[in-house]
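The block underneath contains the structure these notes are about, expressed in structure tokens.
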Amino acid sequence: MAPHRGVPCLVLLVSGKRKSGKDFVAEALRSRLGEDVCAVLRLSGPLKEQYAQERGLDFQRLLDASSYKEAYRRDMICWGEEKRQADPGFFCRKVVEGVSQPIWLVSDTRRLSDIQWFREAYGAMTQTVRVVASEQSRQQRGWEFTLGVDDAESECGLDDFGAFDWVLENHGDEQRLEEQLENLVAFVQSRCPCRVLGAADAAPLPDMWSPTLAEGPANA
């Protein structure tokens, strides 16, 4: 069931492998749409907070891309799976609490159960967005295969999902990124009229960027 507060106009469920650039894509979209209307939600936030409480760890250090987080990643994945098996919507319900913006960007959708929960809760307001990047591109961003992490459900759970509504390629072409951001912003505007900025009024891209969006929507 959807929470009573904070019913959104549109929910974008963003997924992708480690170092594919899904966080960057989410932040670039928020900068285009405006923070007053677009909220970036991270399912890993309530997961890490709860994990830190139960394990007596530093929650803030688990949030950044540090060796501290990596040291606990495998155990945190196993712990999170146990929580989801007991209650598939546990982290989804927590992440939407108190959100007031009409557009939600869930930047780390990892499992079929995540998509199912949002679709059951918000129906046609949900759109799936897959960010893809070559292994070479990901390696350039610091990725290397880690047993127990890159072969776990948290990384592979959506490999066979099927047709995503949008597929975004992240290989580093700035002009292509601009074009696809405009396309996606235009789509969001068509679904949420009078709620978001037009492409011409959008904020410029951040100075530091690496990914590129490709064709969207995949089923158009």
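Cβ atoms are placed via backbone N, Cα and C, with glycine included.
As written in TrEMBL, here are the features:
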type	residues	note
BINDING	K17, R18, K19, S20, G21, K22, D23, R141, H171, Q180	ATP binding site
BINDING	N170	substrate binding site
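Taking CA atoms as the reference points, K17 (ATP binding site) and N170 (substrate binding site) are 11 Å apart. By neighbour count, meaning other C-beta atoms within 10 Å, the densest spot among the binding-site residues K17, H171 is K17. Cβ neighbour count for D23 (ATP binding site): 18 (other Cβ atoms within 10 Å of its Cβ, all protein chains included).
N170 (substrate binding site): 27 other CB atoms within 10 A of its CB, across all protein chains. Residue density at G21 (ATP binding site): 27 other Cβ atoms are found within 10 A of its Cβ, drawing on all protein chains shown. There are 21 other Cβ atoms within 10 Å of the Cβ belonging to K19 (ATP binding site).
Whole-number maximum of the Cα to Cα distances across the ATP-binding residues K17, R18, K19, S20, G21, K22, D23, R141, H171, Q180: 21 angstrom.
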